[in-house]
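Student: Mind having a look at this structure? Questions to follow.
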Amino acid sequence: MQSIIIRQYRFLARYLEPEFVKDPALRNANARPREKLQRLSHIQFSELLTDVADELQRRINNDPKVRFLPPVDSYHPKRNHARQKLSSLAPTRLRDLCMDVFFEVQSRYSGALKEVSSNTPPNMTRAASQPPPQVQRLPASAPKHDLYSSANASSASLHPTEQRTTSSPTIPSYANRTHTDSPTSLSHRLPNVPDTNALNTVQANNSSTSSLSQGAQTGIDSSSNYLSRIEMLESSLAKSNSLLDSSKSEMEALKAKSISDATKHKNEIFQLEEKLHEASHEAEISIKKLNDAENRIKELENNPTLSFNPELEKNLKLMQELIVAESSKTQHIVELESCIDSLKAETERWKKVAINAKSAKIDEDIRLFTMTTVPMKSIRELISPNGFLDEQLYIRYFVEMNVFVASLRRDSPSQWMSTAKDIALTLEAIVSSLREKSLLEELPDLGKKVDDLCSFTNSLMEQVRLAVINGALLPIYHVDASACSISISLMDIAKTYGLTNTGKSSLSVGRNSLHPVDDLKALSVAKTLLSEKSKQFSETNQKLLDAISSDSSSSTIQQRVHEDINVIRDTLFDVSSPLELMRDRAAYAVIHNALQEMRRYCMQLIEQEGHGENFGFTDNNSVPPLTDLAFSAAKCFKDILRAIEDAEFSVQRTQFSTR
């Protein structure tokens with residue numbers, strides 16, 4: 001182990017030689033913060049020294065195929081993860097780490113390094129009296145702020161534990177260090193190991209220092225633009241989260257208010273009914289007394305001898321007062337009955353208001369993912385006769401993006417690619433139509449926005465591909481940021497150039513409604529729609545087979561394949577819309593498997609379409625010939641129709657058994 005440490009120490013000494021010549025203050029070992037390295041055990045420090053030397057050698061080799069240190073089976077998984085994260089360090093951050101490790105080796109193994117000290121090149125101890133060497137200019141696409149932030153994030157996750165010697169080594173934090181490098185000292189690549197003529201090269205490159213200052217200023221301006229775009233995306237995400245929170249709080253408040261109002265009205269109605277019952281009982285008693293009094297009055301009128309009785313006069317006055325009192329009670333009872341009727345009407349009105357508000361809140365919003373909403377009212381306002389963007393594709397994108405982001409948080413990484421391909425297919429159709437419009441109308445600004453949309457899409461697909469390969473090591477918020485960039489760019493195009501109404505079927509809106517539907521009705525609608533799409537596909541598929549049999553040109557065959565793909569994609573989108581809300585999930589699963597089979601054939605047709613003139617002669621043996629794909633796709637329509645009929649029978653049998 002001692003010989004390995006000495007060899008790695010010499011390697012670090014050769015790499016740090018130009019840095020010490022450029023700035024002699026870096027050689028002051030006592031001024032460097034190495035407290036975290038001093039707390040490491042010898043085994044942990046030797047692991048850190050090995051990892052830093054391997055990363056330095058990888059950057060010197062500059063192999064584009066090796067973007068990070070490959071994992072070693074004998075190492076702990078945490079250590080392999082830490083070795084991979086070393087590739088995210090900026091060159092200056094790696095240089096500082098190498099210096100700390102270099103001086104820590106001197107401090108720990110001072111006795112064993114006497115031989116190394118005698119063999120150290122003399123220009124390692126030479127003062128920095130000569131001007132600094134010329135370095136490569138920092139590219140505009142790599143801002144300094146982003147480099148430092150990624151370095152801090154990488155170094156913070158590599159702290160080992162003292163008990164587990166196989167864990168990853170600790171890399172100290174350099175967030176509070178004052179860098180003495182000039183703005184031009186940041187280089188995109190790690191400098192190669194210097195030779196014996198390094199100092200002569202330093203003097204020869206001194207004349208180009210002024211030109212590098214101007215290049216550094218350009219890099220700083222580009223970095224500021226990139227930071228401003230990041231801040232814009234962060235503000236959009238924050239605004240979207242606030243909109244979602246306000247929508248949720250509004251729905252909860254409306255629900256709580258409706259429940260409290262219903263409880264209050266129910267209690268009031270119950271109390272009024274009790275009062276009405278008591279008043280009715282009292283009214284019956286009063287009516288009975290009134291009838292007795294009237295009969296007594298009639299008897300007195302018929303018998304004149306009793307008319308001058310003073311007791312009778314007193315009783316008559318009491319009866320008249322009783323009649324007036326009972327009349328007022330009867331009037332009060334009538335008022336109570338009218339009040340009860342009004343309260344019942346008010347309760348029903350509030351119920352309708354709550355139901356309508358909830359329905360409007362669900363139907364008038366298209367959920368992007370979990371962060372923001374796009375009102376349907378704003379989409380309708382963007383529709384114009386001269387619009388460029390297809391409204392159906394615009395809504396389909398947001399629906400598929402919702403499915404994709406939900407899959408990110410629910411499914412495994414292996415299932416992310418299928419939902420991402422749906423988004424890519426929809427965006428490919430959008431980009432094709434927009435490019436055609438930009439060329440016909442000669443709109444360079446639209447072409448630039450379409451290029452940005454393509455770059456964001458490629459970035460999203462690359463991130464998903466890396467996440468699937470590496471087992472979701474990539475943070476999920478990176479994918480969310482790319483998805484948000486695509487949505488913002490697409491909404492900007494829609495606001496600038498408008499939408500065009502292509503007569504979208506009402507069945508496509510089924511994804512936007514969360515109301516429960518009848519399973520038989522949904523299956524009937526899907527069956528009707530599938531029959532229409534099957535006839536349309538039969539016509540386009542027959543044209544494709546005729547073009548293949550007549551040896552037509554590759555462009556003609558490619559156009560026929562593209563027509564088949566469009567019909568299949570529309571079928572997958574429209575047929576699945578009413579079926580996704582079915583209550584019988586077992587019946588829906590059978591249809592879903594048939595739809596997935598059709599989706600697979602659609603992807604194979606797209607792969608065939610991309611080969612251009614080499615139709616039927618692909619390098620991928622897993623893709624069947626074009627004619628077989630055409631017949632298989634036609635068979636999928638029959639399989640889906642048969643699955644829908646089986647689901648109808650299953651649903652009818654279930655409903656009959658529950659009656």
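Cβ from N, Cα, C; glycine included.
In case it's useful when we look at the structure, here is the feature table from Swiss-Prot:
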- 114-220: region 'Disordered' (REGION)
- 116-128: compositional bias 'Polar residues' (COMPBIAS)
- Ser129: phosphoserine (MOD_RES)
- 158-187: compositional bias 'Polar residues' (COMPBIAS)
- Ser167: phosphoserine (MOD_RES)
- Ser168: phosphoserine (MOD_RES)
- Ser182: phosphoserine (MOD_RES)
- Thr184: phosphothreonine (MOD_RES)
- 194-220: compositional bias 'Polar residues' (COMPBIAS)
- 237-303: coiled coil (COILED)
- Ser242: phosphoserine (MOD_RES)
- Ser513: phosphoserine (MOD_RES)
- Ser555: phosphoserine (MOD_RES)
Student: What is the separation, in Å, between the Cα atoms of Ser555 (phosphoserine) and Ser242 (phosphoserine)?
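Tutor: Approximately 50 Å lies between the Cα of Ser555 (phosphoserine) and that of Ser242 (phosphoserine).
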Student: Relative to the Cβ of Ser242 (phosphoserine), which residues of the same chain, six or more apart in sequence, are found under 8 Å away?
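Tutor: Correct list: empty, so none.
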Student: Please average pLDDT over the coiled coil (237-303) for the predicted structure.
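Tutor: The predicted confidence over the coiled coil (237-303), as a mean pLDDT, is 81.
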